[in-house]
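One structure, as structure tokens, below. Some questions next.
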Amino acid sequence: MYTVRELFYTLQGEGAQVGRAAVFCRFAGCNLWSGREADRERAVCRFCDTDFVGVGPDGGRFADAASLARAIAGCWQGGDGARLVVFTGGEPLLQLDAALIGAVHAAGFKIAVETNGTLEAPDGIDWLCVSPKAGADWVQRCGDEIKLVYPQPGLIPAAVDASGFTHAWLQPMDGPDRAANTQAAIDYCLQHPRWRLSLQNHKLVGLR
Ligand SMILES: C[S@@+](CC[C@H](N)C(=O)[O-])C[C@H]1O[C@@H](n2cnc3c(N)ncnc32)[C@H](O)[C@@H]1O
Ligand SMILES: Nc1nc2[nH]cc(C(=O)O)c2c(=O)[nH]1
Ligand code: SF4
Ligand SMILES: [Mg+2]
């Protein structure tokens with residue numbers, strides 16, 4: 001059984017695949033926050049910008065990998081173009097398994113994952129983005145890109161070993177201080193060119 005908060009078709013807004021058409025599969029649930037506002041201040045991860053609780057109007061409960069893969073394929077609007085699904089959440093590695101990886105590959109999709117890095121990634125992921133969180137175990141230390149939300153008290157970029165990743169991004173923390181956080185990230189990238197600026201483009205242009 002897979003519990004999906006929402007499925008939608010959009011352009012990837014962040015990181016090195018920015019601008020690419022993809023089906024987003026947002027799983028319900030996370031291991032670093034319950035998702036309830038009442039719990040936010042005592043959660044491990046307190047800055048989350050996402051509602052991943054339960055099954056939304058564009059989500060569902062799927063009994064098996066084949067039925068979820070069918071629903072993902074049904075969201076694709078890109079015709080014969082290169083098919084991509086982004087598994088996110090919540091924390092997708094709580095639910096993504098070999099059966100689902102096999103089923104979406106069989107449906108012709110490449111698989112991208114957005115993970116907090118607290119769980120080891122399964123085999124078969126085509127594009128892995130890891131976004132470690134201060135105060136959480138960081139287990140998955142290699143991948144295609146690391147996307148560090150900035151600034152995070154307790155997780156400064158200088159203390160992050162990004163050598164296992166092809167791309168290294170600082171993504172300004174959204175919230176009340178977004179403008180100041182963006183300027184701080186710009187300043188850091190100017191001084192430390194290993195790190196590049198990742199803006200959340202979908203928010204800038206009103207995409208989902
Ligand atoms: C909602 S998370 C879901 C995937 C996974 N749980 C994770 O944290 O990577 C998707 C991406 O949004 C980032 N993110 C979450 N809240 C953010 C915020 N307030 N500002 C900027 N990025 C944020 C995360 O760090 C992650 O890279
Ligand atoms: N357009 C768009 N791009 C994204 N990249 C990562 C997202 C996420 O929430 O994981 C996201 C999202 O929610 N929307
Ligand atoms: S780990 Fe990811 S989904 Fe979970 S609370 Fe943090 S940003 Fe949100
Ligand atoms: Mg998002």
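If you go along the chain as it appears here, the first residue is 1 and each next one adds 1.
Including glycine, each Cβ sits where the backbone N, Cα and C put it.
In case it helps, TrEMBL gives these features for our protein:
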- Leu11, Gln12, Gly13, Arg26, Thr88: substrate binding site (BINDING)
- Cys30, Cys45, Cys48: [4Fe-4S] cluster binding site (BINDING)
- Phe47, Cys48, Asp49, Gly90, Ser131, Pro132, Lys133, Gln171, Pro172, Met173, Asp174: S-adenosyl-L-methionine binding site (BINDING)
- Thr50: Mg(2+) binding site (BINDING)
- 17-208: domain 'Radical SAM core' (DOMAIN)
Ligand 1: which of the binding-site residues Gly13, Phe47, Asp49, Thr50, Thr88, Ser131 have a Cβ closer than 6 angstroms to it?
Phe47, Asp49, Thr50, Thr88, Ser131
Distance check, please: Cα of Gln12 (substrate binding site) against Cα of Phe47 (S-adenosyl-L-methionine binding site), rounded to an integer number of angstrom.
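Each residue's Cα considered, Gln12 (substrate binding site) and Phe47 (S-adenosyl-L-methionine binding site) end up 20 Å apart.
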Could you check which of the binding-site residues Leu11, Cys30, Cys45, Cys48, Thr50 is the closest Cα neighbour of Lys133 (S-adenosyl-L-methionine binding site)?
Cys45
Spatially, which candidate from the binding-site residues Leu11, Cys30, Cys45, Thr50 is nearest to Ser131 (S-adenosyl-L-methionine binding site), comparing Cα atoms?
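Closest by Cα: Cys45.
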Tell me, by DSSP, whether Thr88 (substrate binding site) is helix, strand or coil?
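The three-state answer is strand.
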Measuring Cα to Cα, how many angstrom lie between Cys45 ([4Fe-4S] cluster binding site) and Arg26 (substrate binding site)?
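That comes out at 18 Å between the alpha carbons.
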Which one is it: of the binding-site residues Leu11, Cys30, Cys48, Thr50, Thr88, whose Cα lies the shortest distance from the Cα of Pro172 (S-adenosyl-L-methionine binding site)?
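The answer is Cys48.
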With the Cβ under 6 Å from ligand 3 as the test, give me the qualifying entries from the binding-site residues Gly13, Cys30, Cys45, Cys48.
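From Gly13, Cys30, Cys45, Cys48, counting a Cβ under 6 Å from ligand 3 as near, the near ones are Cys30, Cys45, Cys48.
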If one measures from the C-alpha of Gly13 (substrate binding site) to the C-alpha of Thr50 (Mg(2+) binding site), what distance in angstrom results, rounded to a whole number?
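Cα to Cα, Gly13 (substrate binding site) and Thr50 (Mg(2+) binding site) are separated by 14 Å.
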Any idea what the Cα distance is from Asp49 (S-adenosyl-L-methionine binding site) over to Thr88 (substrate binding site), rounded to a whole Å?
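That comes out at 13 Å between the alpha carbons.
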Within 10 Å of each Cβ, count the other Cβ atoms, then let me know which of the binding-site residues Cys30, Cys48 comes out lowest.
Cys48
Filter the binding-site residues Leu11, Cys30, Cys45, Thr50, Pro172, Asp174 down to those with CB closer than 6 A to an atom of ligand 4; keep them in sequence order.
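So the answer is Thr50.
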